[in-house]
Amino acid sequence: MRALVLAAGKGTRMKSKIPKVLHPLSGKPMIEWVVETAGKVAQKVGVVLGFEAELVRKTLPEWVDVFVQEEQLGTAHAVMCAKDFIEPGDDVLILYGDVPLISENTLKRMIEEHRKGADVTILVADLEDPSGYGRVIQDGDKYRIIEDADLPEELKSVTTINTGFYVFSGDFLLRALPEIKNENAKGEYYLTDAVNFAEKVRVVKTDDLLEITGVNTRKTLVWLEEQLRMRKIEELLENGVTILDPATTYIHYSVEIGMDTVIHPMTFIEGKSRVGENCEIGPMTRIVDCEIGNNVKITRSECFKSVIEDDVSVGPFARLREGTILKKSSKIGNFVEIKKSTIGEGTKAQHLSYIGDAFVGKNVNIGAGTITCNYDGKKKNPTFIEDGAFIGSNSSLVAPVRIGEGALIGAGSVITEDVPPYSLGLGRAMQVVKEGWVLKKRKEE
């Protein structure tokens, strides 16, 4: 089985300089949805590109065969541009880059039906308002497809529509393509004409209108996003996740969340994030591509491409940037930013700190206002803080630097050299007290 994805259109009605198939749906480009599904049912996948072909090509896996349709002259013309992809002894599944939610199950049903001896198998659906769609007309055991623009008045009441998804026998398709003409209202080469040439046609019906919805406008894309969002929320609710306000909760379809986790309002969980069991997330929190363990609490914070182990507390108003690893039972408090750093088990950074390019051990206390000065103007340098160290408030650790196990850094210090284990590090000016100075100064004035 081969799958050919037609994705050459510009998408004029999207009013965008970005190719239509690259517009994201629930966090990933529409074409990525289709290619992933195609790869589950077909041994080889090809894609026909057109507008901004090189830009789209960069998003595709290396195992996808790419063909280019220089001029968009219809669906059959797009398939002709990939003629070398079609093998006489193999079947070909036709998909579309702007119809992202076609399901693996439906495609498998089509393939199974097709293998009963068909030249072509069509996916159809019944719509209350079929206007704009080609109709599937049955005449005994024969089927033909008439495009909406070419439909005679007496057939406009037919509600069975052609979704555009087909499985073709490779032998039949190679014979049919040269016979297709552009003698129609739009002057294009329709793949539906190949169906009309077929002697052995089989039909599979879908009742899920989401999976056959094509995206031609931003309005449709937003509608599809909302339908997919609510479908995901319903799935999570059925599997033991509490979502306090579905209307203000945005969770990408690829996200996984464990049972007994509570999601508060205004929470965004995106990408390939995985959240464990018995967590509390939000309110007003954004999580992107994170691995989160069990019993984790994240409040009013942003976490991006980070790993958070069990029993960790984050926030409020913390920011975890890419490469952050929070070990078990660590605590990150308000207005703390962490980047490319590992925070050890039981370590606390509760207030107003920046930790970048650092390796922090177990049970370390990071005092309020601690800064790792990692950038020297040319490169980022590492800071090492070993187990049990205590960093006093308002300290600056000028990297590269190492704070030894159990060492103590006095509040207000600027540390530029390594501090040995169990040592006191001080780096501040000596305090001067002048008794009565204020009164004396006032008399002079």
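The backbone N, Cα and C atoms fix where each Cβ goes, and this holds for glycine too.
Under the DSSP three-state reduction, H351 (active site, proton acceptor) is assigned to strand. The feature active site, proton acceptor is assigned by Swiss-Prot to H351.
What Swiss-Prot lists as UDP-N-acetyl-alpha-D-glucosamine binding site is 6-9, K20, Q69, 74-75, 96-98, G134, E147, N162, N216, R321, K339, Y354, N365, and the listing cites sequence analysis. When other Cβ atoms within 10 Å of the Cβ of N216 (Mg(2+) binding site) are tallied across all protein chains shown, the result is 16.
Per Swiss-Prot, the feature Mg(2+) binding site maps to D98, N216. Long-range Cβ neighbours of D98 (Mg(2+) binding site) (same chain, at least 6 residues apart, Cβ-Cβ under 8 Å): A7, G9, G11, K20, V21, M30, G214, V215, N216.
Its Cβ placed at the centre, S393 (acetyl-CoA binding site) has 17 other Cβ atoms within 10 Å. Here Swiss-Prot flags A368, N374, Y375, S393, A411, R428 as acetyl-CoA binding site.
Residues or ranges marked as region 'Pyrophosphorylase' by Swiss-Prot on the basis of sequence analysis: 1-218.
Model confidence over the region 'Linker' (219-239) is summarised by a mean pLDDT of 98. Marked as region 'Linker' by Swiss-Prot: 219-239.
Annotation source Swiss-Prot lists region 'N-acetyltransferase' at 240-445, citing sequence analysis.
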Tell me whether A368 (acetyl-CoA binding site) sits in a helix, a strand or coil according to DSSP.
coil
DSSP-derived helix, strand and coil totals, residue by residue, for the region 'Linker' (219-239)
20 helix, 0 strand, 1 coil
Whole-number Å distance separating the Cα atoms of S393 (acetyl-CoA binding site) and H351 (active site, proton acceptor) is 9
Considering all pairs of residues in A368, N374, Y375, S393, A411, R428, annotated in the record as contacting acetyl-CoA, what is the maximal C-alpha distance expressed in whole angstrom?
22
Under an 8 Å Cβ to Cβ limit, what residues of the same chain, 6 or more beyond the ends of the region 'Linker' (219-239), are close to it?
14, 23, 25-26, 100-101, 210, 213, 246, 249-253, 255, 257, 259
